[in-house]
């Protein structure tokens with residue numbers, strides 16, 4: 001059934017059919033076809049959205065490669081946004097990997113080759129004095145959520161230049177599909193500051209600014225011009241930083257998190273979903289997170305963000321900060337981070353181990369991952385290195401000496417960059433490891449047992465955070481709000497019946513999960529005085545009011 005309240009539309013004829021947010025295609029009624037000058041522009045038969053979705057699904061299944069399926073889905077999105085999201089709703093477990101990870105990585109690499117139609121805003125450095133005009137040019141005027149990238153660190157693929165736009169487009173599709181935020185309120189933005197990817201610069205089809213990346217003061221001043229323009233245009237917007245290089249990600253977040261409601265999904269979203277997954281995994285084996293010894297392979301902004309979030313959770317569970325930091329070990333390509341190292345990043349410094357604390361260790365070999373796992377008695381292993389195959393049999397077998405059920409989280413995206421496949425971890429641990437990954441993987445087997453692999457993907461968290469922020473009218477996102485999101489995810493995970501091996505609920509329940517996380521986030525925003533007080537009843541009403549469903553409205557004709 002279409003929504004009961006009609007929409008009053010000033011567009012008609014081909015202009016209406018060319019407006020993705022309003023186009024209904026063959027579902028326009030006879031009255032609408034007459035009223036909006038559509039008679040003869042569409043086939044005679046009037047269809048329901050269910051019938052349209054069935055046809056679209058059959059067409060989708062006719063493609064043989066994931067990238068072709070991605071292109072097809074993006075074409076639907078750019079033609080009929082309601083149908084696009086109805087199709088996702090009906091087949092979310094099958095379609096999510098096609099619109100986001102892992103397929104979106106290929107789409108970013110081939111962005112200029114597969115480009116079809118404009119979506120979002122491309123704000124280039126040469127046009128930096130026109131940013132206010134560009135924001136006015138946006139086809140969506142009531143923007144509530146922006147996802148912005150500069151394309152420098154796309155997934156594990158590095159600098160993709162203008163191709164990075166695939167990430168904001170995909171992320172915002174998930175804000176709608178998982179968090180119920182209307183696509184009318186979502187705006188993807190690409191900051192085109194050049195690229196250092198010579199392959200792109202040499203590509204005759206590359207559509208971005210052909211220049212080496214700007215950096216330093218030039219870069220910071222450009223980003224500031226953008227942020228100030230956004231504040232003028234949409235002062236209450238939620239802005240998500242996405243896939244910025246680690247030397248820019250943390251400084252930008254720290255600089256602007258008190259100026260507007262913003263967060264960095266790579267740092268904070270990844271941390272929140274990782275800690276929520278880890279709490280749930282610990283509950284699965286009857287333990288607390290604070291009982292674990294945790295090692296990270298990869299000490300970039302994402303890994304360090306997760307580590308700091310873990311330390312805060314350990315403090316919530318009763319440890320002192322000093323005790324918690326002694327239980328977290330960061331390993332990069334140079335080995336274990338210690339206080340004897342120089343040239344550490346600012347965000348890495350608080351996470352080093354003191355040399356005095358490890359003076360009894362055997363240091364005849366480099367303190368790489370295997371040595372750290374053995375000597376620190378590690379029970380939880382995170383992979384955020386973006387490097388394939390670094391979780392070796394030796395490492396996994398050493399984990400199994402330390403604990404009966406080690407928790408192994410190879411989170412690097414896309415699947416081509418994962419530290420170990422779930423099947424490798426399951427086999428090497430003889431079915432004992434509890435595993436979750438950043439991208440989707442098939443079930444694993446050991447002997448006669450089958451294990452489902454949960455996807456520790458930010459899509460479990462950021463849509464709920466966004467919905468909670470909008471429902472509460474929050475002016476910022478605090479660490480406590482992120483902690484509440486993590487705890488809510490873990491608590492929710494205990495409510496659902498799960499297959500053997502699974503840590504998180506099936507993705508088909510993602511909308512229910514997002515609503516519950518949104519409620520927890522909104523309550524915490526009120527407690528942190530980042531939102532005005534509201535009764536529980538009114539908060540639930542706001543959440544329902546903000547939750548958009550892909551259904552057609554009846555249209556009425558009006559003038560501009």
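Using N, Cα and C of the backbone, Cβ positions are placed for all residues, glycine too.
Features reported for this protein in Swiss-Prot:
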| type | residues | note |
| --- | --- | --- |
| ACT_SITE | 100 | active site, proton donor |
| ACT_SITE | 171 | active site, proton acceptor |
| BINDING | 153, 266, 413 | NAD(+) binding site |
| BINDING | 242, 243, 266 | divalent metal cation binding site |
| SITE | 266 | site 'Important for activity' |
Cβ-centroid neighbours of NAD(+) site 153, 266, 413, 8 Å, sequence order: 154, 155, 156, 243, 302, 386
Neighbour count (Cβ, 10 Å) for residue 242 (divalent metal cation binding site): 28
Helix, strand or coil at residue 171 (active site, proton acceptor) [DSSP, three-state]: helix
Between residue 413 (NAD(+) binding site) and residue 171 (active site, proton acceptor): CA-CA distance (Å): 14
Shell list (divalent metal cation; ref centroid = CB of 242, 243, 266; cutoff 8 A): 149, 153, 154, 167, 241, 244, 249, 264, 265
Set of same-chain residues at least 6 away whose C-beta sits under 8 angstroms from residue 266 (NAD(+) binding site): 153, 241, 242, 243, 244, 249, 301, 302, 305
Rounded Cα separation (Å) that holds between the residue listed as 'active site, proton donor' and residue 413 (NAD(+) binding site): 11
Among the NAD(+)-binding set 153, 266, 413, as the record gives it, the longest Cα-Cα distance in Å: 12
Residues that sit under 8 angstroms from residue 413 (NAD(+) binding site) by C-beta distance, when 6+ apart in the chain: 101, 102, 105, 155, 156, 438, 439
